Amino acid sequence: MSKTYHFIGIKGAGMSALALLLHQMGHKVQGSDVEKYYFTQRGLEQAGITILPFSEDNISPDMELIAGNAFREDNNSEVAYAMRHQLPFKRYHEFLGEFMKQFTSLGVAGAHGKTSTTGLLSHVLKHMTATSYLIGDGTGHGAADARYFVFESDEYERHFMPYHPEYSIITNIDFDHPDYFTGLDDVFNAFNDYAKQVKKALFVYGEDEELRKISSPAPIYYYGFEDTNDFVAFDITRTTNGSDFKVKHKGHAIGQFHVPAYGRHNILNATAVIANLFIAGFDMKLVAEHLKSFSGVKRRFTEKVINDTIIIDDFAHHPTEIIATLDAARQKYPNKEIIAIFQPHTFTRTIALLDDFAHALNEADSVYLAPIYGSAREVDKGDVKVEDLAARVERPAKVISVDNVSPLLDHDNAVYVFMGAGDIQLYERSFEELLANLTKNNQ
């Protein structure tokens with residue numbers, strides 16, 4: 001039976017994906033959000049899903065309400081209205097925990113690599129059997145006859161605790177979200193609690209010291225490059241066309257694989273997917289075939305060429321992610337200068353990881369920094385500025401503004417890697433406009 005869903009904060013990555021999924025399952029879906037453009041809204045608009053400004057008038061008692069986690073009674077008129085009139089609503093993660101019970105569910109958790117791995121697992125599985133999925137880049141798909149459900153499992157504020165998947169991958173554990181987690185031990189405890197809720201099998205990166213401590217009532221399979229793991233990637237060849245490798249399980253090769261993706265981390269992501277699908281009983285020849293056609297996810301090493309200039313857009317906003325992204329750029333473009341344009345995301349993360357950010361950015365040949373993008377949850381107390389990061393980077397590092405990105409033109413034979421979780425795409429757009437204008441002026 002069709003329902004009407006109203007999403008409070010529909011432009012959020014998870015919310016927009018869930019809205020698309022429910023829409024494709026035949027439900028009526030609408031939502032509200034701020035006017036500012038987010039990359040997630042294009043998919044919503046293409047699907048014909050109405051996006052409204054926040055207003056009490058959007059809500060009626062016959063709707064099922066799903067509210068984004070950032071929206072509360074004191075900062076959102078719709079949440080306040082629902083509470084005042086005792087209209088029930090669920091948070092995204094609460095709704096998802098109930099929704100997935102009707103499927104064989106496969107979760108992907110981890111400090112880094114969740115979205116890429118969820119995208120890869122969804123891509124391969126949907127080509128073998130009817131599958132619904134939610135990806136953290138705002139992509140959602142609802143198959144009417146789906147038996148399987150693939151989803152991204154987010155650790156922030158322990159949002160993954162309502163989830164009890166049959167299978168789950170955990171890519172890694174790292175200290176992030178210092179506005180919530182008190183330290184690495186706190187992060188570990190959250191993931192360990194989640195692991196205890198997995199029912200059939202857990203797949204974890206075996207060379208992560210923290211993950212080796214994880215416990216679960218479900219069997220734990222370790223994957224990685226070392227022979228101490230249950231699933232081992234070996235005979236690895238990294239080229240400008242992607243990565244080729246074999247995987248063995250208990251000493252026996254189970255297949256040869258190619259992923260059209262770059263960087264050591266993407267070999268690990270693919271190995272996790274292979275391990276999960278092997279244990280779930282899928283044909284490895286089919287898995288290998290469908291891995292070859294994976295085209296990536298939004299804002300994860302997304303490439304374009306403007307005026308013969310290569311531009312890469314990536315969501316990397318943690319030192320570990322920056323290193324992985326720059327490693328991928330070097331693999332694909334070994335003979336080009338790698339230029340990093342990075343915008344730190346949140347003051348708390350920048351303060352907590354300042355030296356780690358500097359170390360990560362040293363992997364580029366030159367570095368340009370945008371002013372710190374503060375979260376809506378925090379206030380700039382002046383404790384840290386982007387110039388503090390620039391001073392710590394050993395490579396040439398300059399601070400740029402969105403109104404003047406012309407210093408980026410000082411490089412020949414370069415690849416420009418824009419990274420960040422704030423509004424770094426505004427800087428990218430400014431650079432693209434600058435390149436386009438140069439083309440016009442030269443004609």
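For all residues, glycine too, the Cβ spot is worked out from N, Cα and C.
Taken from Swiss-Prot as is:
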BINDING   Gly110, Ala111, His112, Gly113, Lys114, Thr115, Ser116  ATP binding site
Protein Cβ atoms within 10 Å of Ser116 (ATP binding site), excluding its own: 27
Residues flanking the ATP site, with Cβ no more than 8 Å from the Cβ centroid of Gly110, Ala111, His112, Gly113, Lys114, Thr115, Ser116 and excluding those residues themselves: Val108, Thr117, Thr171, Asn172, Asn269
Sequence-distant neighbours of His112 (ATP binding site) in its chain (C-beta under 8 A, six or more apart): Thr171, Asn172, Asp174, His265, His318, Thr320, Glu321, Ala324
DSSP-derived structure type at Gly110 (ATP binding site), helix or strand or else coil: coil
Candidates Gly110, Thr115: member of the binding-site residues with the richest Cβ shell (10 Å): Gly110
CB contacts for Ala111 (ATP binding site) [other CB atoms within 10 A, all chains]: 21
Number of Cβ atoms other than its own within 10 Å, given for Lys114 (ATP binding site): 24
C-beta crowding around Gly113 (ATP binding site), within 10 angstroms: 25
